[in-house]
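*Asks:* The bacteriochlorophyll binding site annotation in Swiss-Prot covers His31 and is backed by sequence analysis. Per Swiss-Prot, the feature topological domain 'Cytoplasmic' maps to 1-14; the stated evidence is sequence analysis. Annotation comment: Swiss-Prot describes 36-53 as topological domain 'Periplasmic', evidence class sequence analysis. Annotated transmembrane segment per Swiss-Prot: 15-35, in sequence order.
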Amino acid sequence: MNQGKIWTVVNPAVGLPLLLGSVAITALLVHLAVLTHTTWFPAFTQGGLKKAA
C-alpha cells in the first residue's frame with residue numbers, strides 16, 4: 001500500500017468511516033447537482049418527450 005503509514009496517525013476505526021462517508025456524500029452531491037442544474041437528465045429519467053399519436 002502506497003500510503004500505509006497513514007494508519008499510524010489515524011485509527012482505521014475512525015479513518016475508514018470518514019473516508020467512505022466523504023466519498024458517499026460527494027457522490028450524492030454530484031448527482032444532486034446534475035439533477036438540479038441540467039434540463040436533459042430529468043427528461044431522460046422520465047422517458048423523454050412523448051410523441052403525439
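For all residues, glycine too, the Cβ spot is worked out from N, Cα and C.
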*Asks:* Let me know how many other Cβ atoms fall within 10 Å of the Cβ of His31 (bacteriochlorophyll binding site).
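*Replies:* I count 11 other Cβ atoms within 10 Å of it.
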*Asks:* Could you give me the DSSP helix, strand and coil counts for the topological domain 'Cytoplasmic' (1-14)?
*Replies:* 8 helix, 0 strand, 6 coil
